Amino acid sequence: MNEIRHNWTAEEIIAIYNRPLMDLLYEAATVHRKYHDPNTVQVSTLLSVKTGGCSEDCCYCSQSARYHTEVEIEPMMSLSQVKAQALRAKASGSSRVCMGAAWRNVKDGPEFEQVLEMVRTINKLDMEVCCTLGMLTENQAKRLSEAGLYAYNHNLDTSEDYYQEIVTTRSYEDRLKTIENIRKTSITVCSGGIIGMGEALEDRAKMLVALSTLDPQPESVPINALVPIEGTPLEELPPVDIWEMVRMIATARIVMPQSQVRLSAGRMNMSREGQALCFFAGANSIFAGDKLLTTPNPDIKEDMHMLEVLGMRTQKPFEKHPQPTTVEAADSKIPALGEKPKWSRPQKVKSEQ
Ligand code: SF4
């Protein structure tokens, strides 16, 4: 029972999602206990190392240059700023630092070299380091791996069918190709999605099909609740109901038993009781810090207090996978190829939101 399956269908997943809640919770918690310590949560800190001015049109994002939001374009963070923030995160109990840059795709050059140096620096602090930098070639993935990157985040966001309603500047296939490039290295894959963007239950199920049929399944699966941002096309959408979040997490846990399921954006609108139910349903990671890239997030002290009240411990770095070795820039065996990959630009017309 509960072997890892890579052939889930949308119908099966919908049936799981719609089970009576107590049955769903019971099964998810049982699977969770089989593969994970149910009293351990990983705390990760998200740092926006390059904020705003993004050329993409992701409807949920405050950093797209196409929308009038309150986010200001900021220059890239310096290495010393990143190191100081990572040390602060470590001292607060975070085991992972996730660095995000508002880029369509990674371009070889000084900025990417700086990110590689940030990866080396954080790995040498004995913290797991993750990046989310947009689309990535195989050569760039190998260079990140050589620098000591532990994980790469590249969300599928939603189903392939609904994706074109949310993003028109790149295709689902590009997302999968980047994940494939990461899989050619020892970097672990972090990929999940967002609920509450106006999608149907079928889209949520199809996204879980796309993730769970990857072989291997992503080591980490963030489940985000949309945080509607003023100025974006999704600004008017209502908040996600906690029961939908609990059901989504429980379903993800059942179909991807080994993955670390991340209770990600949207926690500001959740009570501690709601979050505790998400942990019971199989979530075993949260993002800490007062901001998730640019959206508000609970204070880490409050999170630590919540975990203490629940009798949960924080996961130490490298409990799930070994620490990568860092190769210094001067010793690198993988030169930048300066490629100019042709990632797609579907520019399909969006239907009315
Ligand atoms: S989600 Fe990422 S790629 Fe999309 S607009 Fe925001 S920063 Fe750009």
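Positions of Cβ are set from backbone N, Cα and C atoms, glycine also.
Please treat TrEMBL annotations as automatic predictions, because they have not gone through curation.
These features come from TrEMBL:
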type	residues	note
DOMAIN	39-267	domain 'Radical SAM core'
BINDING	C54, C58, C61	[4Fe-4S] cluster binding site
BINDING	C98, C130, C190, R262	[2Fe-2S] cluster binding site
REGION	315-353	region 'Disordered'
COMPBIAS	343-353	compositional bias 'Basic residues'
Could you check what DSSP calls C130 ([2Fe-2S] cluster binding site) once collapsed to helix, strand or coil?
strand
Tertiary neighbours of R262 ([2Fe-2S] cluster binding site) (same chain, Cβ under 8 Å, six or more apart)
S44, C190, G192, S220, V221, P222, I223, A283, S285, I286, F287
I'd like to know which of the binding-site residues listed (C54, C98, C130, C190, R262) lie near ligand 1, counting only a CB under 6 Å away.
C54
Cβ proximity for C98 ([2Fe-2S] cluster binding site), under 8 A, sequence spacing 6+, ordered by residue number, returns S44, T45, L46, L47, V129, C130, C131, T132, A151, N153, C190, F287
Fewest other CB within 10 angstroms, which one of the binding-site residues C58, C190?
C58
For the region 'Disordered' (315-353), residues assigned helix / strand / coil by DSSP:
3 helix, 0 strand, 36 coil
Where does C61 ([4Fe-4S] cluster binding site) sit in DSSP terms: helix, strand, or coil?
coil
Averaged over the domain 'Radical SAM core' (39-267), the pLDDT of the predicted model comes to 94
With H, G and I counted as helix, E and B as strand and the rest as coil, say where DSSP puts C190 ([2Fe-2S] cluster binding site).
strand
Counting only residues 6+ apart in the same chain, whose Cβ is under 8 Å from the Cβ of C61 ([4Fe-4S] cluster binding site)?
C54, Y67, I229, T232
What does DSSP say about R262 ([2Fe-2S] cluster binding site): helix, strand or coil?
strand
Cβ-based neighbourhood (8 Å from the centroid) of the [2Fe-2S] cluster site, residues C98, C130, C190, R262 excluded
S44, L46, R96, T132, A151, N153, S220, P222, S285, F287
